[in-house]
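Novice: Here it is: the structure, laid out below.
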């Protein structure tokens with residue numbers, strides 16, 4: 001098909017370039033929205049994609065979804081032909097896995113080393129910002145990464161993110177004071193957020209829907225292992241060497257990942273956008289409001305959970321202005337005529353909205369378990385950092401294995417809805433079983449409850465992501481994945497903060513009227529001479545953590561109910577291989 005062969009069609013070159021594939025033919029054409037609709041296959045009625053949609057992944061003038069969305073016809077994004085580049089997957093996938101491993105590892109690797117770092121740098125009460133700076137920067141950068149990868153190209157954003165991560169790691173290892181360390185952790189977080197976002201998008205670019213679950217399963221296993229191995233690695237390095245090597249160790253590993261991707265990653269070329277067009281069409285109001293809102297809201301949560309003074313003016317200002325900025329972002333996305341950061345049309349379908357919300361709830365539960373089970377083992381069972389990590393291995397191993405099995409199962413059965421529903425049912429049972437974890441519960445019994453919960457959490461990593469990617473056409477995957485990961489990270493951040501609130505308030509209530517207060521270590525509690533008082537305090541700490549698991553139950557219940565509203569899309573996609581001889585292509589960015 002060649003658009004120029006139609007004598008009656010006047011194409012407007014100012015509307016941008018569109019990449020369109022029919023069978024084995026891939027052509028460039030300049031087009032209006034109506035012209036694109038004319039040229040689409042007859043079966044593909046669900047989406048109206050403009051020329052700018054293919055460049056930015058969003059539409060500056062019209063909704064990305066046509067009025068068909070309100071009808072009862074089936075949305076079938078898989079009718080869009082995906083043009084795949086040729087890649088040596090046995091090299092590219094390990095390169096992507098290495099980068100994901102580093103990004104996930106640095107979220108938790110410092111947890112067991114914080115006391116050593118604070119003592120060495122005289123950190124005092126600012127210790128919490130060592131972890132918060134990373135997660136805050138990582139979460140706030142996510143909306144920007146997806147849209148920029150559409151503007152300047154995937155490779156530029158991915159490689160820049162890895163370089164920023166490595167630079168931040170080197171500077172963290174060289175830090176001489178807490179301010180230096182916290183600022184460089186933020187640089188690390190920006191790089192880590194870009195890595196997380198771009199790896200997900202690149203996987204979607206180089207794999208068809210029918211085999212994609214296998215590769216996302218590999219990434220899920222990598223993420224899960226890195227998250228739980230972090231405390232073990234951090235504790236071992238800080239005890240056996242210097243805490244600075246927690247950061248320096250990233251350099252050779254990250255350098256290898258960068259080299260593999262630079263030399264072996266191939267992507268289908270994308271249209272380039274001039275700086276003038278970028279300034280004219282980019283949604284600066286949207287990116288500023290969402291970034292500011294996320295930062296203010298997460299800072300408010302962090303300060304509130306750290307100090308416990310939720311009614312303080314500073315905390316309320318952060319939270320209120322953060323919510324207002326996020327609300328302003330939502331309003332802006334509905335009415336802006338520029339390229340949207342996150343299209344509201346994606347949330348007009350109940351199925352996709354359910355997936356987005358359940359992703360938030362899933363990571364809320366995952367974060368509460370990941371962060372507060374070690375508190376149980378250390379403060380109540382008397383474990384050290386390393387042994388605490390060993391006792392959480394059942395959570396890590398089972399969750400990672402189920403993530404891989406789930407991905408392979410989806411790829412084999414071509415169905416993500418049933419694994420999603422099954423995962424939520426098991427997760428509800430697992431969170432319910434964790435309510436039975438008391439002060440005197442056997443370690444083996446506790447690990448069994450954790451393993452059951454891990455079956456549920458691990459089974460949900462892949463279905464949610466695949467459901468998002470299967471529900472939108474290829475042009476919208478980047479921004480949809482960014483929205484998915486933003487909500488996922490927000491769920492994790494809210495889970496950590498709410499867990500702290502529940503724990504602190506419950507512990508304060510249980511110890512009220514006694515001479516004991518919150519913040520006691522295991523050795524301090526164990527040294528209480530009166531046996532009945534000692535058991536009372538241990539039970540108070542165990543019940544405070546138990547309240548977190550009680551709250552997780554209704555959260556899991558809501559997630560289970562929402563999973564039934566998820567629609568199963570066809571996991572098959574027409575694929576054509578990109579060849580260097582294809583005309584009209586520029587170098588891949």
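The backbone N, Cα and C atoms fix where each Cβ goes, and this holds for glycine too.
Sharing the record's features from Swiss-Prot:
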TRANSMEM  128-148  transmembrane segment
TRANSMEM  162-182  transmembrane segment
TRANSMEM  189-209  transmembrane segment
TRANSMEM  217-237  transmembrane segment
TRANSMEM  245-265  transmembrane segment
TRANSMEM  284-304  transmembrane segment
TRANSMEM  311-331  transmembrane segment
TRANSMEM  355-375  transmembrane segment
TRANSMEM  419-439  transmembrane segment
TRANSMEM  448-468  transmembrane segment
TRANSMEM  483-503  transmembrane segment
TRANSMEM  545-565  transmembrane segment
Novice: When you look at the transmembrane segment (311-331) alongside the transmembrane segment (189-209), do they share 3+ Cβ pairs under 8 Å, ignoring any pair fewer than 6 residues apart in sequence?
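Specialist: Taking Cβ pairs at least 6 residues apart, the transmembrane segment (311-331) and the transmembrane segment (189-209) are not in contact, as fewer than 3 fall under 8 Å.
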Novice: Please check if the transmembrane segment (162-182) comes into contact with the transmembrane segment (245-265), where contact means 3 or more CB pairs closer than 8 Å and the residues in each pair are separated by 6 or more positions.
Specialist: yes
Novice: Who are the chain neighbours of the transmembrane segment (545-565) in space, where the CB to CB distance is under 8 Å and they lie at least 6 residues beyond its ends?
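Specialist: Beyond its ends, the transmembrane segment (545-565) has Cβ neighbours at 350-351, 354, 357-358, 361-362, 364-365, 368-369, 372, 375-376, 380, 417, 420-421, 423-425, 427-428, 431-432, 434-435, 437-438, 456, 498-499, 502-503, 506.
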Novice: Please indicate, using numbers and ranges, the residues of the same chain that are 6 or more beyond the transmembrane segment (483-503) and have a C-beta under 8 Å from a C-beta there.
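Specialist: Same-chain residues near the transmembrane segment (483-503) but 6 or more away: 135-136, 138-139, 142-143, 146, 196-197, 200, 290, 294, 298, 301-302, 304-306, 308, 310, 342, 346, 355-357, 359-368, 371-372, 375, 464-465, 468, 544-545, 547-548, 551.
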Novice: Test the contact criterion for the transmembrane segment (128-148) and the transmembrane segment (355-375): 3 or more CB pairs under 8 Å, pairs 6 or more apart in sequence, then answer yes or no.
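Specialist: They do not touch: fewer than three Cβ pairs between the two stretches lie under 8 Å.
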Novice: Other than its close neighbours in sequence, what residues sit by the transmembrane segment (355-375), given a CB gap under 8 Å and a spacing of at least six beyond its ends?
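Specialist: Those are 108, 111, 227-228, 231, 347, 388-389, 392, 395, 420, 424, 427, 431, 434, 450, 453, 457, 460, 464, 467-468, 471, 483-484, 487-496, 498-499, 503, 545, 548, 552, 555-556, 558-559, 562-563, 566, in sequence order.
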Novice: Same chain only, please: residues at least 6 beyond the ends of the transmembrane segment (245-265) with a C-beta under 8 Å from a C-beta of the stretch. Say none if there are none.
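Specialist: Contacts with the transmembrane segment (245-265): 87-88, 91-92, 94-96, 98-99, 101-102, 106, 109-110, 113, 155, 158-159, 162-163, 165-166, 169-170, 172-173, 202, 206, 233-234, 237-238.
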Novice: By Cβ distance under 8 Å, which residues at least 6 away from the ends of the transmembrane segment (419-439) in the same chain are close to it?
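Specialist: Beyond its ends, the transmembrane segment (419-439) has Cβ neighbours at 358, 362, 365, 369, 376, 380, 406, 409-410, 445-446, 449-450, 452-460, 462-464, 467, 535, 538-539, 541-543, 545-546, 549-550, 552-553, 555-557, 559-560, 563-564, 566.
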Novice: Please give the sequence-distant neighbours of the transmembrane segment (448-468): residues at least 6 beyond its ends with Cβ less than 8 Å from one of its Cβ atoms.
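Specialist: That would be 200, 209, 212-213, 216-217, 220, 223-224, 351-352, 355-356, 358-359, 362, 365-366, 369, 373, 392, 394-403, 405-407, 410, 416-417, 419-420, 422-431, 433-434, 436-437, 480-481, 484, 556, 566, 569, 571.
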